[in-house]
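Swiss-Prot has this to say about the protein:
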BINDING   Arg40, Arg46  NADP(+) binding site
BINDING   Arg128, Ser129, Ser130, Gln247, Ala248, Gly292, Lys307, Pro308, Ile309, Pro310, Thr311, Arg333  FMN binding site
Amino acid sequence: MFRLLTAGESHGKSLVGVIEGFPANVKIDIEEINRDLGRRQRGYGRGGRMKIEKDRVEILSGVRGGKTLGSPISFLIENKDYANWEPYMNPEAVDGEEKRVTQPRPGHGDLTGTLKYGFDDIRNVLERSSARETAVRVAIGSLAKQLMREFHIEVYSHVTAIGSVSLGEPVENIEKIKRAEDSEVRCLDPEVEKAMIEEIKRAKEEGDSLGGIFEIHVTGVPRGLGSYVQWDHKLDAKLAHALMSIQAIKGVEVGCGFDQAQKKGSQVHDEIFFSQEKDYYRKTNYAGGIEGGMSNGENIHLRCAMKPIPTLYKPLRTVDIETKEAVLATVERSDSCAVPAASIVGEMVAITVIAQEFLKKFGSDSLEEIRKTWKSYTSI
C-alpha cells in the first residue's frame, strides 16, 4: 500500500517526506521534482519567503542509480530560512521569548491548537500548521506523477477565480489548460488574468488577502479505480478527503458538483454510448469521471475553493492567550494570495490519490508486474 508521511516545521531545519509502497524499477527524474517544487513557489501574490527559499529535494533512501528500489523512499527539503531562525527553532535549546506568539489569528489553527496541546506559545502550532508543509506533498506528488505517466495518466490545473474576478465558462480542453503554465496566476484568459492581478494588488495595498477557485483535470485514468463496496473505498471520497487536507481549502466539487442540485436528472447524468473504436464512452462529463465511487474512464474533473489566507497585514481583533486582553492578531510573513500555488499542490495531491488507487488495483511490487496487470485489464 502506497502510504506517505510528512514532517517538519515551517522555519525548522528541513521538511521531510517518507513514502512506503512505491514500486521498484520506476525511473525517477529528480530535476522534474525540483521543477514542480518551483511551480509551487511561483504565482502573483506570493510573499517574501519565496525570495529566500529555492526548494530542492534531496533523496535519502529508496532510489539507486535513478530507479526506485521498492523500499521506503525518504527525502528532505532544506529550509534556507532556518539560518535566520536557528536561535528560536533549535531542537535542543531556544531563545523563546523574542519569537513567542500569544495573539492567535482568526481563521488559523492558532488558538485551538494551543489549547488542545497545552502550549503557552502559539509558535508551536503555527510552525507545523503552516502551508509550508505542502512542499513535501508536491515532491511526493511529483514522484506519483512520474509513476502514473508510465500508464499515460497526466494531471493539469488552472485557476478559475480569484476574489470577485472569475473566468466564466468552464474550460475542459486539455491543450488550452496547459497554457496556465504561462500565466502569473495560472489563468487561461489574458484579460481575466490582468483583472485578477489588479484584485490582488488592491488587497495587498489594503493589508488584506484573497482566496479563489482552481480546477484539476486528470486524464487517462482507467475505469474501475475506487469501489462502491464500502463507503471509505470510494474514489471521490478519497480525493475530497485529500484535497480538503490542503491548508485553506474549504470546498471540493466533483464534476458539476453543486450545480447539479439545481437541475433535473435528465440534465446532469452522462448518457452511455458504445462503438467498436471507442468501446463504452460518454459525450458529456457532468459526473467528472467518477460514478458510484469509481473512475468511469472519462477525465476526472475536480474543483477546489480556497479561503483567503488568515494572516493579514491589517490584523483582526483577537484575545491574548496570556493576558486575556483584547489585542490585534499576530502578523507573520505571508502571501496576499496563494491560489495559483494551491492549484499546483492540488494537482500533486490528486495524482497521489490516483496513484494509490491505481496500485491497489494493479499491484505495487514492481513496474513490470504492474504493467502486465494493467495491460491485461485494459485490453478486455
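Even glycines carry a Cβ here, placed using N, Cα and C.
The binding-site residues considered are Arg40, Arg128; of these, Arg128 has the fewest other C-beta atoms within 10 angstroms of its C-beta.
For Lys307 (FMN binding site), the count of additional Cβ atoms within 10 Å of its Cβ stands at 15 [all protein chains shown]. Fewest Cβ neighbours within 10 Å among the binding-site residues Ala248, Ile309: this applies to Ala248. Long-range neighbours of Thr311 (FMN binding site) (same chain, six or more residues apart, CB within less than 8 Å of its CB): Arg105, His108, Ser209, Val331, Glu332, Ser334. Shown in sequence order, Asp335, Ala338, Ala341 are the residues of the chain, 6+ apart in sequence, with a C-beta less than 8 angstroms from the C-beta of Arg46 (NADP(+) binding site). Other Cβ atoms within 10 Å of the Cβ of Ser130 (FMN binding site), summed over all protein chains shown, number 20. Calculated from their C-alpha atoms, the gap between Arg128 (FMN binding site) and Arg40 (NADP(+) binding site) amounts to 18 Å. With Arg128, Ser129, Ser130, Gln247, Ala248, Gly292, Lys307, Pro308, Ile309, Pro310, Thr311, Arg333 listed as the residues that bind FMN, the site has a largest C-alpha separation of 44 Å. Here the Cα atom of Ile309 (FMN binding site) is found 16 Å from that of Arg40 (NADP(+) binding site).
In the three-state DSSP scheme, Arg128 (FMN binding site) falls into the helix class. Between the C-alpha atoms of Arg40 (NADP(+) binding site) and Ala248 (FMN binding site), the distance comes to 15 Å.
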